[in-house]
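Peer 1: Before I ask anything, here is the structure I am working with.
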Amino acid sequence: MTRADFIQFGAMIHGVGGTTDGWRHPDVDPSASTNIEFYMKKAQTAEKGLFSFIFIADGLFISEKSIPHFLNRFEPITILSALASVTKNIGLVGTFSTSFTEPFTISRQLMSLDHISGGRAGWNLVTSPQEGAARNHSKSNLPEHTERYEIAQEHLDVVRGLWNSWEHDAFIHNKKTGQFFDQAKLHRLNHKGKYFQVEGPLNIGRSKQGEPVVFQAGSSETGRQFAAKNADAIFTHSNSLEETKAFYADVKSRAADEGRDPSSVRIFPGISPIVADTEEEAEKKYREFAELIPIENAVTYLARFFDDYDLSVYPLDEPFPDIGDVGKNAFQSTTDRIKREAKARNLTLREVAQEMAFPRTLFIGTPERVASLIETWFNAEAADGFIVGSDIPGTLDAFVEKVIPILQERGLYRQDYRGGTLRENLGLGIPQHQSVLHSSHH
């Protein structure tokens, strides 16, 4: 298997979005996070754009300070099951935690979704970093970082073991002889580990794609190692081309060290493209959104990087002030970059504060510009594909209608779906049943 021939995309559907004040935009439906129509429309738009999958993020704890989307939203397995019935080819990926679920339940839910959708299910495996999540699951505290990954490894091994309970042709349904299944093709797990004791077998068989695709998003040392060993696909951030390229090379070489074919691991940085017919229009879309964050909050946020220096004494709409070396000890590289950018682009204090509070994406501008950036990242081996966020209304539609055709013209993007399963559309093979892999040891 070689590197994917085509760039691939996943669409993150995130209700009212990932910011504190985005819901106040006139075009945003403030109930989007629990509006099934909103999710269906987004999923269908992504499918029209031949995206490989849609992605539903999740969390297990909120407080009064959480962003609006977190306060009131769908749980992934139910919304993905609903979306399965209004889509045909697009993958359905959801976040589930290994710290607060039973492997039997997760393996069953995901395999059910895989059957409902005809082989389109994916699991974004997380270990849940919040103390509050422990308190919502009858646990007094959260296991520490390394232990959470130990639990995750055993949890995933059990889930994959359960997915191998039945061989793909175990159910023979012979009405004449009355034989419903072939007993030799049923395997009981009998797992007894440090964290889980699971007998099995699972009460649902293999799916059209064998088993769901496993995604992971660890960027810590432990997280990268875990992802390189276990994941079919990996999510990451896209702060800069150099940084993302380094992450890509690092994870692929770790996968090779684990004895895996590095090209069987797909890497997806997250981007939030803002596309418009002119640079000015794209900039205006960005500003409209950035301006929703109260300017006082944005200036206070910016001041954090400058030792909480009082920036409110400076006029907002004049060039960014010269404040000397304030903040040098705490965030030197960040403050240097802020000052450099402000000078080079002649930004006002207001603009600098807005860009820090609602980061300005690299992927902004005309369709040609955004398509070329995507091409550059793909060719530079920083990505096999991208997770596309679309907090700003209309941005997913614009991307599908204007950027996708350019990528198709350049021979970088498919003209049609390869098949109906998520594995086919990611260019990944169907995993062999474990009985085949282990038969040489019997």
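Every residue gets a Cβ built from N, Cα and C, even glycine.
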Peer 1: Need one residue: from Asp58, Asp182, Asp257, the one Swiss-Prot lists with Thr95, His145, Tyr149, Ser219, Ser220 for FMN.
Peer 2: Asp58
Peer 1: Looking only at DSSP and grouping its letters into three states, which state does Asp58 (FMN binding site) belong to?
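Peer 2: DSSP assigns Asp58 (FMN binding site) to coil.
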Peer 1: I'd like the number of other C-beta atoms within 10 A of the C-beta of His145 (FMN binding site), please.
Peer 2: 13
Peer 1: In the three-state scheme derived from DSSP, which category covers Ser219 (FMN binding site)?
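Peer 2: Looking at the DSSP assignment, Ser219 (FMN binding site) belongs to neither helix nor strand, so coil.
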Peer 1: Only counting partners 6 or more residues apart, tell me which same-chain residues put their Cβ under 8 Å from the Cβ of Asp58 (FMN binding site).
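Peer 2: The list for Asp58 (FMN binding site) reads Glu75, Pro76, Gly94, Thr95, Phe96, Ser97, given in order along the sequence.
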Peer 1: What does DSSP call Tyr149 (FMN binding site) in the simple three-state scheme?
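Peer 2: Its secondary structure by DSSP: helix.
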